[in-house]
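Written out below as structure tokens is the structure these notes cover.
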Amino acid sequence: MTAILRGDLVARELDDATRIEVERLRADGIDPSLAVVLVGEDPASEIYVRRKRLAAEAVGIRSIEHRLGAATSQQSLLALIATLNADPGIHGILVQLPLPPQIASDEVLGAITPHKDVDGFHPVNVGRLSTGTGGLIPCTPLGCMLLLDRVIADFRGLKAVVIGKSNIVGKPVAMLLLERECTVTITHIHTRGLPEIARTADIIVAAAGSPGLVRGDWVKPGAVLIDVGINRIAREDGKTVIVGDVAANECDHAAVLTPVPRGVGPMTIACLLRNTVQAARLALA
Ligand SMILES: Nc1nc(=O)c2c([nH]1)NC[C@@H]1CN(c3ccc(C(=O)N[C@@H](CCC(=O)O)C(=O)O)cc3)C=[N+]21
């Protein structure tokens, strides 16, 4: 029988620790503050930005939102980022993705000063992750590792298969698994023989953005499944539901599975808040 690893419950514990850290920072004269920049009116982004604001306020982090129109130029966005970089009262900066087509995301993400880059997407933080030299760790990959820490005591030598090669999840989570001395195979939906490769895994991190991709016969008995997928699909009754990348109903021979929703998603937000207090602590140094 599969153990369901509820990310929303683990996130709540993380938030309790973050709340205490916020109080400590306040006592040291720092009011941890997160600036979230939203460009355009993407409905999913609205949901996530709202969730981030509510979660930040619940732990005492000041959340400031900057909403720009969909036609905003890259230059105007870069000017706002420069202002936020220079503002000593702002400790974390997050520019909600995706951005409208006229804006080059990598230029924008590269413009955020690395010590305020609470997404961990800046090349400096990516480099620090790759070399294991500190820095801010991307929220979803960090959330995956904190969930795995709940069920795995010793990672050394375990076989991990990451499905998905995005800069946001696939590549960084593979690095974190490597740091733990797993043997890591990074795959993607075009990988030939993907089911056979997945079947060798003690740990599967499914981050391909492909609903129900990981079938039951891709999973060896006793494997641990981290489902990062957040796929919105329309049901027969026309309602939109969120499903993961794992065909959960076929995987009751797995040892552990994170559900979608209430799995990795809430951990992403909890780790954003944790990164924000880490960045604020840096401001004290
Ligand atoms: N610069 C940037 N950083 C991000 O971290 C970032 C982003 N842009 N763009 C969009 C993605 C997506 N993302 C999620 C956050 C929380 C949930 C989450 O809490 N999901 C709930 C369900 C939410 C719902 O009902 O839709 C769950 O899985 O239980 C999901 C997805 C952060 N993102």
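Glycine is no exception: its Cβ is also placed from the backbone N, Cα and C atoms.
Feature annotations, reproduced from TrEMBL:
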BINDING   GLY164, LYS165, SER166, ILE189, ILE230  NADP(+) binding site
DOMAIN    5-119  domain 'Tetrahydrofolate dehydrogenase/cyclohydrolase catalytic'
DOMAIN    138-281  domain 'Tetrahydrofolate dehydrogenase/cyclohydrolase NAD(P)-binding'
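Features per TrEMBL, on structure.
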{"residue": "GLY164", "record": "NADP(+) binding site", "DSSP (3 states)": "coil"}
{"residue": "ILE189", "record": "NADP(+) binding site", "DSSP (3 states)": "coil"}
{"residue": "ILE230", "record": "NADP(+) binding site", "DSSP (3 states)": "coil"}
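Within the set of binding-site residues GLY164, SER166, ILE189, ILE230, ILE230 have a CB atom less than 6 Å from some atom of ligand 1. Counting neighbouring Cβ atoms within 10 Å of each of the binding-site residues (ILE189, ILE230), the lowest count belongs to ILE189.
Each residue in the domain 'Tetrahydrofolate dehydrogenase/cyclohydrolase catalytic' (5-119) has a pLDDT score, and their mean in this model is 97. Its own atom aside, the Cβ of LYS165 (NADP(+) binding site) has 17 Cβ atoms within 10 angstroms in the protein chains shown.
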